[in-house]
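The annotation Zn(2+) binding site is assigned in Swiss-Prot to C191, C194, C213, C216 on the grounds of experimental evidence. Positions annotated as compositional bias 'Basic and acidic residues' by Swiss-Prot: 32-42. The region 'Disordered' annotation in Swiss-Prot covers 26-48. The feature zinc finger is assigned by Swiss-Prot to 191-216, with a curator's inference given as support.
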Amino acid sequence: MTPEQKAKLEANRKLAIERLRKRGILSSDQLNRIESRNEPLKTRPLAVTSGSNRDDNAAAAVHVPNHNGQPSALANTNTNTTSLYGSGVVDGSKRDASVLDKRPTDRIRPSIRKQDYIEYDFATMQNLNGGYINPKDKLPNSDFTDDQEFESEFGSKKQKTLQDWKKEQLERKMLYENAPPPEHISKAPKCIECHINIEMDPVLHDVFKLQVCKQCSKEHPEKYALLTKTECKEDYFLTDPELNDEDLFHRLEKPNPHSGTFARMQLFVRCEVEAFAFKKWGGEEGLDEEWQRREEGKAHRREKKYEKKIKEMRLKTRAQEYTNRLREKKHGKAHIHHFSDPVDGGIDEDGYQIQRRRCTDCGLETEEIDI
């Protein structure tokens, strides 16, 4: 734009603002905001490094003219700017590159997450040799500085102290083996059935807390047989909340024999289940009475279901009979033809023999051709 066009544009802008001010459309705050918005941009120092540089930047900022050829308004605030920067205080509204560079990079949130695009980052992967050799297994105060040297020396063996190894072996022994034998055989616990054998069945002893040997557990299946959860519910009429209560019954869990994805199989010892069932139903007689009551209930429900089916069939038959009667009243009774013996009807134009039959009731005549 030429200087004449700029001057004309500025004059028109001032006239428009004056006209709006006279009409009372614009307030004083709005006028000040418009004036500050239309002022030329003020240059400011890019960075503050030292006292001499700040003075040079301030001096350079004083002599920068605006686009109208007039001195910038920043020259009027030279002293304020110099004192502000000289004191080392940076205004929060002014962006300082030196301050921004000092921000910690770990707090800056990336715009793109790497895990959304990279599933396997080979730069961060570690070679564990199929899971058999882990460099992290070495001790912190180990003499090996290189992981390859550690792997070549120990291989898949985890480096540990003698105390750690003894502690681990003791834990494995307590977990997978029975308790050590007593000091004297007379003090050893004996089987509660035979009172002779001191070697207990590990499953009954460790899981169900019963001092029974293997021979006695096989000779008395009516006491020490293992029952599934379904058998407990069907034979002793126990509910799921009762069987799931760990305070009432000991249980042995195994993988489901039907499928590995099914719920785990739970086994209960018969003597515990019987004792709780007798207490619940009032002894063996009460359990038999409950079984008889449930069998009678099953028979009653079966008979009730049969009667319901018979009733539905009768209603259906009655409705069909009623429909047939309405059809007979409207269209008459359905006629069934009774044809007479065939009579020779001659030969047709194609040379085939024709036989005629006639209904004895309505006189309907049909022709049959023997091909």
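Heads up, the Cβ atoms here are built off N, Cα and C, so glycines get one too.
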List of residues, in chain order, with Cβ under 8 A from that of C213 (Zn(2+) binding site) and at least 6 apart: C191, E193, C194, N197, E199, M200, D201
Query: Of C191, C194, C216, the binding-site residues given in the record, which has the fewest other CB atoms within 10 A of its CB?
result: C194
Message: Is it possible to list how many residues within the zinc finger (191-216) are helical, extended or coil according to DSSP?
response: 8 helix, 2 strand, 16 coil
- line: Averaging pLDDT over all residues of the zinc finger (191-216) gives 91
- line: Those same-chain residues, other than C191, C194, C213, C216, found with Cβ within 8 Å of the centroid of the Zn(2+)-site Cβ atoms are K190, I192, E193, H195, I196, N197, V212, K214, Q215, S217
